[in-house]
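A short worksheet on the structure shown next.
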Amino acid sequence: MSRLSRALQLTDIDDFITPSQICIKPVQIDKARSKTGAKIKIKGDGCFEESESGNLKLNKVDISLQDCLACSGCITSAEEVLITQQSREELLKVLQENSKNKASEDWDNVRTIVFTLATQPILSLAYRYQIGVEDAARHLNGYFRSLGADYVLSTKVADDIALLECRQEFVDRYRENENLTMLSSSCPGWVCYAEKTHGNFLLPYVSTTRSPQQIMGVLVKQILADKMNVPASRIYHVTVMPCYDKKLEASREDFFSKANNSRDVDCVITSVEVEQLLSEAQQPLSQYDLLDLDWPWSNVRPEFMVWAHEKTLSGGYAEHIFKYAAKHIFNEDLKTELEFKQLKNRDFREIILKQNGKTVLKFAIANGFRNIQNLVQKLKREKVSNYHFVEVMACPSGCINGGAQIRPTTGQHVRELTRKLEELYQNLPRSEPENSLTKHIYNDFLDGFQSDKSYDVLHTRYHDVVSELSISLNINW
């Protein structure tokens, strides 16, 4: 299992929807019935042996993403990509091959290597190595450059665009009274659950706006490729994310461009995998060069490279859209920081805007599978929608506590670690999505805001996945 992503290891399923009770590919092992049981032991090399029957070595099971087509458990994607294509081993292989091609001047096969860093992994690595957040981003640039990266970017511009698209989508739906409650779509674990468990019921309510990762894929494979005059297929785009499900999101066929013969994101590695790479290199992050992140989008660099979006920890969707809708629909300018009211637990919160004693906006944040289940049941029971918008994330505490974030190393409780990361996030500068750069991208590359082109590349669609089970097996996880 060392060759595979840790997404298949049961110890790392914190960020996944609770696994389905039925596996679509239980491996059948033919064996004679025995009156006595057998013990299985794990050898030093990781192999399994049936120890009381002559030390019989057991065969390793290989599972691809396609095998897990209809599973809503640890692997949740319908794409036909082996999981080894989303591993640090595959990344190192590509980087080594590219380095050899450069050395031999085989320019036809040299690829431009682009890394994109999400905010949450930067925070996780900054805390792990006890360095400042901006310095952590700069050290990561130095590290990835040492591996052969040509560009190292942040998701800041994609985060901004995602909020601009999502807020406009909400206002349009609200004014047309269509498909409300609107549900956020940036969490791939939640989207996969919606597709495979509640299909036709939930999907009309899910926002069509792409996640920042996939918007970044468009920016890199189309806009940056045009700037460099390089075909998209000659760019290898790697993202660093806080959650394993982002690997599966990148593997969706919806995010493969037939015109460019290329995926928007070729490989996803996670915070914990970066930590493993640094451990294997036997050199802490702080010992790599301090290099500013690249900013190929305009001539003017922002003052900072790592930004927060509102107070909430998963992109700021609920807070930002609530403020925008209040101002543009009800002429209420909410300049103060919003306070969400905690309901049954800290991962289910809501906020209400009233005018003349009437509730005109009601938003919620639902993190974690328990709250997602409660939300879905609530939506099913109500004939008239109770919420206008819900920010939904599969992980308790949201993306800051993604299952691929670095775990505590000194006996520290995960909640304490999450609180420390929250403090780092709250101290980041706040980004205002409607800025000169996003306007420049819309006007110069996307034919303007709300154009047909911008909708085509910044929005996606979802699929009602129907499971046809040939074998049923109950599993207790």
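Just so you know, glycine gets a Cβ as well, placed from its N, Cα and C.
Per Swiss-Prot, the candidate among Cys243, Cys267 that belongs to the [4Fe-4S] cluster 2 site alongside Cys187, Cys395, Cys399 is Cys243. Least packed by the Cβ count within 10 Å, out of the binding-site residues Cys187, Cys243, Cys395, Cys399, is Cys399. Cys399 ([4Fe-4S] cluster 2 binding site) falls within a helix when secondary structure is assigned with DSSP.
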